[in-house]
Amino acid sequence: MKVKKISPRGYCYGVVDAMKLANEAVANPDLPRPIHILGMIVHNRHVTQAFEDLGVKTVDGEDRMQALETIDRGTVVFTAHGISPLVRKRAIEKGLTIVDASCPDVLVTHDLIREKTAEGYDVIYIGKHGHPEPEGAIGVAPDHVHLIQYEHEIDQLPSRLFERKILVTNQTTMSQWDVSALIETIQARYPHVEVHNEICNATQVRQEAVAEQAGDCELLIVVGDPKSNNSNRLAQVSKEIAGTNAYRIGDLSELDLNWLEGVETVAVTSGASTPTPITKKVIDFLSQYDPDDLSTHDKTPFLELRSILPKVKALRK
């Protein structure tokens with residue numbers, strides 16, 4: 001089978017930095033134990049399991065504050081998705097050692113919200129309900145940040161926004177086409193709105209790569225966790241922009257061979273939080289796949305989870 005490897009794909013710098021910081025915490029004997037990660041360090045269950053295997057506990061809850069309240073001692077790692085000021089304050093009050101792995105691009109949005117709300121703005125924030133990145137952003141100024149994901153929610157915004165200064169910004173991993181459409185609708189309702197599109201560069205170039213490169217293939221496989229918003233958006237872009245059917249899989253074991261019937265050329269990409277070795281297993285399998293040769297249908301290649309984490313240099317005493 002012909003395989004088209006969409007480029008760029010896979011890890012972004014924010015994910016790599018977050019994983020390195022968490023791995024360095026594990027390797028640092030001076031940090032108080034136990035080590036907890038407040039939510040998934042990045043949205044990939046294989047990465048989470050790799051850290052669990054090293055004795056690092058991933059703690060989750062309905063929100064970050066609820067999860068934090070279950071931690072009484074040790075070290076807490078804040079994930080790449082960013083954290084609200086109140087959660088940070090509470091971690092300090094509990095006497096926890098903090099390792100902050102927040103993505104710099106996310107922190108830029110936090111700074112923007114902090115600056116604009118201090119100047120008297122309300123903020124319309126385009127993001128996904130229930131995702132930790134909007135939770136952290138809203139927490140910067142909870143009385144002045146309004147989360148929307150869908151167009152109908154624009155009509156439900158407070159009436160005071162017609163008379164106030166308004167900023168619209170967004171979660172960094174949204175579909176750039178969805179964000180643009182929502183911004184256009186917001187501008188029609190609030191002509192005085194100030195726009196700051198914060199789709200991060202890594203998200204943008206990966207979406208554009210799919211839009212431009214997947215169109216001449218019969219199928220796109222996106223390798224990414226179901227909780228990874230940027231991975232799910234890549235499949236959406238393939239269907240809606242490139243016109244190519246797409247499926248998202250967490251790893252090779254989730255690939256349904258029925259999808260490959262009648263397909264001669266398949267494209268492969270991966271989300272920003274997907275480990276490269278996991279994507280490589282999918283590409284290698286598809287490259288040797290022959291529908292008429294059962295010996296090429298084995299989808300259970302061994303992968304050492306420890307190998308998906310970035311290496312850290314030994315710490316000197």
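Backbone N, Cα and C define each Cβ position, glycine as well.
Among the candidates S175, S180, S273, the one that Swiss-Prot lists alongside H43, H81, H131, S228, N230 as binding isopentenyl diphosphate is S273. Within 10 Å of C12 ([4Fe-4S] cluster binding site), as judged by C-alpha distances, the binding-site residues found are S273; the full candidate list was H43, H81, T172, S228, N230, S273.
Spacing of S273 (dimethylallyl diphosphate binding site) relative to E133 (active site, proton donor) is 14 Å (Cα to Cα, whole number). If you measure from the Cα atom of C103 ([4Fe-4S] cluster binding site) to that of H81 (dimethylallyl diphosphate binding site), you get 6 Å. Annotated (2E)-4-hydroxy-3-methylbut-2-enyl diphosphate site H43, H81, H131, T172, S228, N230, S273; additional same-chain residues within 8 Å of its Cβ mean position, judged by their own Cβ, are V42, A80, E133, T173, K227, N229, S231, G271, A272.
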